[in-house]
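Let me begin by presenting the structure, written as structure tokens, before commenting on it.
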Amino acid sequence: MTIVLGRVPKEENDLFDTMDDWLRRDRFVFVGWSGLLLFPCAYFALGGWFTGTTFVTSWYTHGLASSYLEGCNFLTAAVSTPANSLAHSLLLLWGPEAQGDFTRWCQLGGLWTFVALHGAFALIGFMLRQFELARSVQLRPYNAISFSGPIAVFVSVFLIYPLGQSGWFFAPSFGVAAIFRFILFFQGFHNWTLNPFHMMGVAGVLGAALLCAIHGATVENTLFEDGDGANTFRAFNPTQAEETYSMVTANRFWSQIFGVAFSNKRWLHFFMLFVPVTGLWMSAIGVVGLALNLRAYDFVSQEIRAAEDPEFETFYTKNILLNEGIRAWMAAQDQPHENLIFPEEVLPRGNAL
């Protein structure tokens with residue numbers, strides 16, 4: 001019998017393996033394949049927003065001052081949407097509108113589409129980052145799935161809604177006061193607060209806040225006593241087998257308070273995940289409906305009776321009148337190019353609506 005000893009030739013890593021090794025290397029800030037999408041898009045979205053709020057006016061698109069350079073502050077500065085006449089143009093810097101002129105591109109509202117599209121892809125990249133890291137450390141992907149809620153809301157409000165309307169003009173501008181104005185617009189033109197999907201969204205978000213507060217307080221209240229006084233951060237070993245807090249005590253407490261309580265940690269934490277994510281998704285679905293101009297609840301019988309009987313009025317009919325006032329003032333202000341003229345008798349008159 002002959003035994004031959006020799007070296008097995010080592011195959012050289014191809015480009016993919018080399019990139020995979022570098023991208024997924026254990027470092028202080030994980031990069032990963034998702035980072036190729038996340039980091040550039042987040043950088044450009046934030047950079048575009050800071051640039052716009054610092055230097056760029058909205059005079060040419062909305063007739064407004066919207067930058068620190070013009071005297072706005074953090075609450076009133078914004079990167080505003082393009083003009084209504086530009087419809088759904090992507091407003092590329094090299095496109096037919098700006099023709100490579102950066103100043104003209106900013107004046108036309110090009111920074112808004114730049115921030116919106118890069119922001120959407122940055123959020124998707126962050127979700128993929130959570131998937132990638134979860135797979136690397138062998139976790140379930142619920143963090144990434146939960147983050148689909150904020151992504152759905154962003155995409156529906158900033159992209160799908162204006163796509164259903166006549167242009168990007170009707171999307172929210174990126175600023176605090178600008179978002180508030182958009183909320184008022186949603187109420188006046190869509191009666192958003194009476195939309196069942198908005199109601200489910202509010203229930204989900206506020207319900208999640210309540211659950212979070214209750215859960216945090218309950219865990220704090222039932223932490224097992226340790227030998228380090230009030231400081232529990234050094235007393236428990238991360239690899240300990242026993243519980244850090246008493247689920248049995250917590251269950252007994254809430255059973256006495258409400259009559260019912262969670263007896264299973266998995267169901268409890270899944271419920272805390274389910275409530276806010278479902279609320280955000282319901283809100284997103286509702287905004288998609290508004291993009292198609294679907295109406296909220298209409299209680300026509302109350303409106304007819306209120307019109308016929310001056311002594312009959314409900315909170316609903318009062319809100320409908322307020323919505324009419326919002327529309328009458330907002331439409332003429334926001335869309336001067338439409339030359340909307342309302343007779344004096346239909347315009348709100350101060351407090352005398």
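A Cβ is built for glycine as well, from the same backbone N, Cα and C atoms used for every other residue.
Cross-referencing 83-96, 153-166, 265-278 with Swiss-Prot places the feature transmembrane segment at 153-166. Between the stretches 245-261, 279-295, Swiss-Prot puts its transmembrane segment entry on 279-295.
When the ranges 41-61, 104-124, 167-187 are checked against Swiss-Prot, the one recorded as transmembrane segment is 41-61. Looking at 23-39, 125-141, 312-328, the range annotated in Swiss-Prot as transmembrane segment turns out to be 125-141. When the alpha carbons of HIS198 (chlorophyll a PD2 binding site) and HIS215 (Fe cation binding site) are compared, the span between them is 25 angstrom. Between HIS269 (Fe cation binding site) and GLN130 (pheophytin a binding site), the C-alpha separation comes to 18 Å. If you take the Cα of GLN130 (pheophytin a binding site) and the Cα of HIS215 (Fe cation binding site), they are about 24 angstrom apart, rounded to a whole number. The Cβ neighbour count for HIS269 (Fe cation binding site), using a 10 Å radius and every protein chain shown, is 14. In this structure the C-alpha atoms belonging to HIS215 (Fe cation binding site) and ASN143 (pheophytin a binding site) are separated by 18 Å. According to its DSSP assignment, HIS215 (Fe cation binding site) is helical.
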